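Over in Swiss-Prot, the protein carries these features:
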type	residues	note
BINDING	231, 232, 233, 285, 385	L-serine binding site
BINDING	262, 263, 264, 349, 350, 351, 352	ATP binding site
């Protein structure tokens, strides 16, 4: 959520920056109308309440003096009715203003490339050499099915499309990657491990920006009004909702493994085979709470931490600086890390690393004090995938495949695979 005072005094500037996102600003124009009316109602209501108090005191004086107070009593009733009407209108205006504020996306950072679509994203850097195969490489779903380590067909029978059973060495590889990533981020990068709940309430989804705008993309448990988490970002960020932290606690860095659940409502017909787009998948998420002046340095560190996973796995990748039209709703700046997938003949996203500045913290009321008695300020929050496990499995299967259909296990994972070197 944006700062309402900043928006009030910089309305045209904010509007111009949001236009770079390609947003429909039809409703945005109502801000000035609602904000002005709200302030008018606050003034009018306070004036009437003050008058009501004065009249009430006058009535008390007249009654003590045994004088007729009927006219003032009638006047106070009329004032009371007006106060009630103004309070009702104020409540409606504030609810409308709150809904509008929750629907306004974050302001892009000045360093984000200006553009409309993914075609305008900018390559920040690449790492590793794309392997030249001496044979026609197979897609990971064919490799895994032939090896008996992934079963899409039976998962479709048990649940439906976009689900999978991991079996044997496939399940072991998934588990190995989870342990490897958590060990790397906690032992070498300084994150604290968290295992979060997989269901959250509506306030949590609102705090991180999934609600109210993207409710159709979420899996909701209607009987409880809980939501299955689309990412560990939601529960982990909301750990500190409605809290005031001390300066000495910052930065806070969490690494959280979780399963993630997404409806993929807008992805019909895309990536219908394999692990790239599943309704349920595992991920290691990195979440940070930092002082505002440190957040862009921390974004670079977070992105480097996610990149390190791919470097140790020796998987070629590139880092994209996302343009203003492809930032998503909550990010002020975002990098996508894309890993090379041979069957696609291109790079595919495996991590998004974002700085939300105070956008989430304002929604979730997460603040800190620089001094013990100082005025609370909003922290800046960041998060990034470190990494998506299923897509990492897909990248390993395809990049490490051999002509006979076997898979070489990356050296860094072998201790987690019982010393095994090949999946066959």
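Quick reminder: no glycine exception, Cβ is built from N, Cα and C everywhere.
Since we're looking at a predicted model, the values are computed, not measured.
Feature annotations (Swiss-Prot) mapped to structure.
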| residue | record | DSSP (3 states) |
| --- | --- | --- |
| 231 | L-serine binding site | coil |
| 263 | ATP binding site | coil |
| 285 | L-serine binding site | strand |
| 349 | ATP binding site | strand |
| 385 | L-serine binding site | strand |
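Same-chain residues with CB within 8 A of the center of the 231, 232, 233, 285, 385 CB atoms, the L-serine site residues themselves not counted, are 234, 236, 256, 258, 260, 283, 284, 286, 287, 383, 384.
When the binding-site residues 231, 232, 233, 285, 385 are screened for a C-alpha within 10 angstroms of the C-alpha of residue 264 (ATP binding site), no residue qualifies.
Of all the binding-site residues listed here (231, 232, 233, 285, 385), 231 has the Cα closest to the Cα of residue 263 (ATP binding site). Distance noted between the C-alpha atoms of residue 385 (L-serine binding site) and residue 351 (ATP binding site) is 5 Å. Largest Cα-Cα distance over the residues recorded as binding ATP, namely 262, 263, 264, 349, 350, 351, 352, equals 19 Å. With the fewest other Cβ atoms inside 10 Å of its Cβ, the least crowded of the binding-site residues 285, 349 in this structure is 349. Sequence-distant neighbours of residue 262 (ATP binding site) (same chain, 6+ residues apart, CB-CB distance under 8 A): 217, 218, 219, 230, 279. The sparsest Cβ neighbourhood within 10 Å, among the listed binding-site residues (263, 351, 352, 385), is found at 263.
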